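Data first, discussion second: the structure below is written as structure tokens.
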């Protein structure tokens, strides 16, 4: 896929049974995948390890970078097991008892749920949703002594084993990081040098402080992405965003907790706030859901993806479409095409003005230079921006101002003695930039013996050659470079040789 067709918006793919072989992962990388999501709600460590090894092999084979995201299971509430393991038929108007004794095998009269405080936390008149909201149970009475809740079924449906449960409007007394999550992060995530953790059911800013404490020295190299999936999280959104490195709009559980007709607004407001803080945001859940079975998305899905791009999302995400669908590669290609089309309609000048309007005054020197570089690129009709960076923060600030052209983020190693220690100083910032719209990271090996000025010239030359190779610019084009030399930071307009 030629580089000009790759959208600026990044695509996150969930790897699963349909997409974990080396050839398939290679296809997804070529089609436009930038981040691979490992969903720890399912699968053993061995299973995920095999998938990760295959991903790394595919990255080597294609020479493409891909970030690794661990998505935690979080404090889920589930229904229990059923007699003989057979689904039960629930009829509208039928009454049923919910027990909090999880050893109970359920039937048509009694089922169990994994949340011990259910009888204390719900009140008559409230609704309990099961199996992604396909079953709605109205609470009639609660027996706190026995830990049981009497409900009436609001609709007719089949209930299988271990289905997810939502309690709209209830402040659930469960930790954001369960013991399983801690184990997943420390025993699988950290040793495998993952790039980011998507935290399920974040409810307040202090949740993130605890996770950083848990990560210790690794907190520097692992980004924390918050998923707000209930009313408490929505209420504390600003506090959560300040404490997060990135954000995911997980519309699935959110759609159970807040009225479905308000989801569009929640999405727009959250993206808007993330954009102004320069924090990357992922829009997720059911984006091309019908492509699990069909080679074409519905018109509504195509419009949904395009609208997320117009709203300002940095990434769009595929879940079941790539994990278990019949057309994983086609889903990514379709998504990329829709993103390219949506991006071509944006008024980048207007977006720049809007972000400048909301920028803090006074701006930090670095941010002031980043926004000036974007303005320079626009007025000089440059086709590419090149940012030389070590930790990646300069390139990320440039991306915040949303130039209409790609930003080549050239990650230069920090020289420690004579060896280049890529692992600690470099690959992480390059992969982290894979969740920012418009950033194209590239690793530059550089020559250890050159002086600062020579090495800057060499790096710029390398960057323009790379840009030409990837069809981001051509001979005679203007490009704007932003780099540090000595104590000065320089914005330079170059002509591609």
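Counting starts with 1 at the first residue shown.
Each residue, glycine too, has its Cβ placed from N, Cα and C.
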Where Swiss-Prot shows 39, 40, 41, 42, 78 binding ATP, which of 144, 146, 163 is named for the same site?
163
Given Swiss-Prot lists 37, 227, 252, 253 for substrate, the same-site residue among 72, 79, 285, 298:
285
In the structure shown, which of the binding-site residues 41, 72, 285 has the fewest Cβ neighbours within 10 Å?
41
According to DSSP, which kind of secondary structure is residue 253 (substrate binding site) found in, if we only use helix, strand and coil?
helix
Distance, residue 72 (K(+) binding site) to residue 41 (ATP binding site) (CA atoms, angstrom):
7
Cα-nearest neighbour of residue 229 (Mg(2+) binding site) within the listed binding-site residues, 39, 40, 72, 78, 253:
253
So for residue 71 (K(+) binding site), how many other CB atoms are inside 10 Å of its CB?
25
What's the CA-CA gap between residue 42 (ATP binding site) and residue 72 (K(+) binding site) in angstrom, rounded?
10
